[in-house]
Structure formats: structure tokens, C-alpha cells
Amino acid sequence: MARTVLSQADISRALTRISHEILESNRGADGLVILGVPTRGVFLARRIAEIIQRIEQGAPASLVGALDATMYRDDLGRNITRTPQPTDIPAGGVDGKTVVLVDDVLYSGRTIRAALDALSDIGRPKVVRLAVLVDRGHRELPIRADFVGKNLPTSTDERINVRLLEVDEVEEVSIEGPRDSGAATSGTTAAPRVFHDPFDEGSNEPDGGTR
């Protein structure tokens with residue numbers, strides 16, 4: 001059975017803390033650009049930007065966008081299909097800016113490597129930082145998050161499910177083992193609908209997130 005490790009309130013507190021840490025690291029919101037990595041990273045980035053704008057008076061009205069790295073991935077030849085999502089860069093661009101990439105789960109690091117390649121084709125930031133809601137370990141590339149909501153040690157056969165209201169109609173982070181992910185649920189309460197993105201870092205699907 002899946003075990004909840006972050007509730008909706010926990011997620012809210014984690015994003016608030018990350019937002020404060022970003023502002024402290026950047027010494028304010030000047031020159032700051034927040035880019036979410038689809039799918040759930042985009043919604044997390046928007047929330048972080050909203051929190052920053054509430055905290056920091058004079059923060060730019062448009063500091064958040066989205067960065068899709070689908071075509072930069074190193075597993076495109078593995079019979080994985082995904083429609084590229086829109087890349088939306090704030091009007092001021094990224095040149096000379098402090099760019100914070102936002103994703104839901106950091107696992108192998110391959111999604112972020114692809115995002116860095118995509119970003120380098122758009123412009124030349126002053127510095128690039130990484131914020132993630134969950135860091136589950138098991139890195140395959142030398143990539144480290146600068147801002148982390150929760151460090152969650154896992155085994156490679158476990159799956160992290162990040163569910164957000166904008167996508168899943170429920171909000172929590174849960175962990176499940178291989179038996180849980182395929183087991184039928186019993187009882188009268190229906191399980192919440194969850195959209196699993198095969199490119200999300202939390203996934204352990206052989207054609208997806210183990211990268």
C-alpha cells in the first residue's frame with residue numbers, strides 16, 4: 001500500500017521554504033527567472049513565483065515560465081512517445097539572469113541534464129540553480145539540487161508519486177513498492193485518478209523514469 005510522505009500542507013510549507021531560500025540565495029528577486037520542467041514542475045514553478053511575489057515587494061510580475069526538454073533527452077530512441085510541451089520564456093529572456101529550474105522529483109538527473117541543454121540553446125544565464133520538491137537519490141549524473149523540499153531515501157524498485165491539484169485533483173507525495181503499484185485496491189473507496197508522466201523522475205517504468 002502506498003505511504004503518504006508529504007501532505008498538501010507539507011507541500012505548501014516546503015514550497016514556502018524553498019521560495020525564501022531562493023530569495024536569500026539571490027539576495028532578492030532582481031534578475032530572477034523561474035522555469036518549470038513539465039509536467040508537474042511547471043505548476044510548482046508557478047506556485048513558487050506566486051510566493052516570491054507575495055514576499056518580495058517589487059518582484060517582476062512576469063518571472064515564471066516553462067522549459068520543455070523532450071527533444072534533448074538521451075532516450076528518444078527507446079520507443080517512448082511524448083508530445084513536446086510548450087516552452088514559455090519570460091519576456092526579459094534568460095541572458096545574464098539567475099535561472100531556477102523547478103521539477104517535482106530528482107532521481108537519475110537525466111531530465112535536468114536535458115533541461116540544461118535546452119536552456120543553453122535559449123540563452124546564457126548568469127547562473128542556473130535547481131529546485132525540486134523531492135530528492136530521492138540514485139543519481140546517474142553529477143547533478144545536485146540547490147533547493148529541496150524533502151530528501152527521501154528510496155530503493156530503486158520503489159516509486160514516488162507526486163500528485164498536484166492542478167493535474168490529479170488530489171495533492172500529496174506518496175511512496176510505493178513494486179507490489180503496491182500493480183496491486184488491485186479493495187474496499188468501497190475509489191482510488192484517486194492519477195496521471196503518470198513516463199518522463200517524470202519519480203517513475204520507475206522501464207520505458208520512462210529510470211534514467
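Any Cβ shown, glycine's included, is placed from N, Cα and C.
Remember, TrEMBL labels are computer predictions, not curated facts.
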Motif 'PRPP-binding' range according to TrEMBL, out of 34-46, 60-72, 99-111: 99-111
Chain residues outside the motif 'PRPP-binding' (99-111) and at least six past its termini with a C-beta under 8 angstroms from it: 22, 32-37, 40-42, 44-45, 48, 67, 69, 73-75, 119, 125, 127-143, 145-148, 160, 162, 164, 199-202, 209-211
Confidence summary (mean pLDDT) of the domain 'Phosphoribosyltransferase' (8-150): 94
Helix-strand-coil residue split for the motif 'PRPP-binding' (99-111), DSSP-based: 2 helix, 8 strand, 3 coil
Helix, strand and coil counts within the domain 'Phosphoribosyltransferase' (8-150) (DSSP): 51 helix, 31 strand, 61 coil
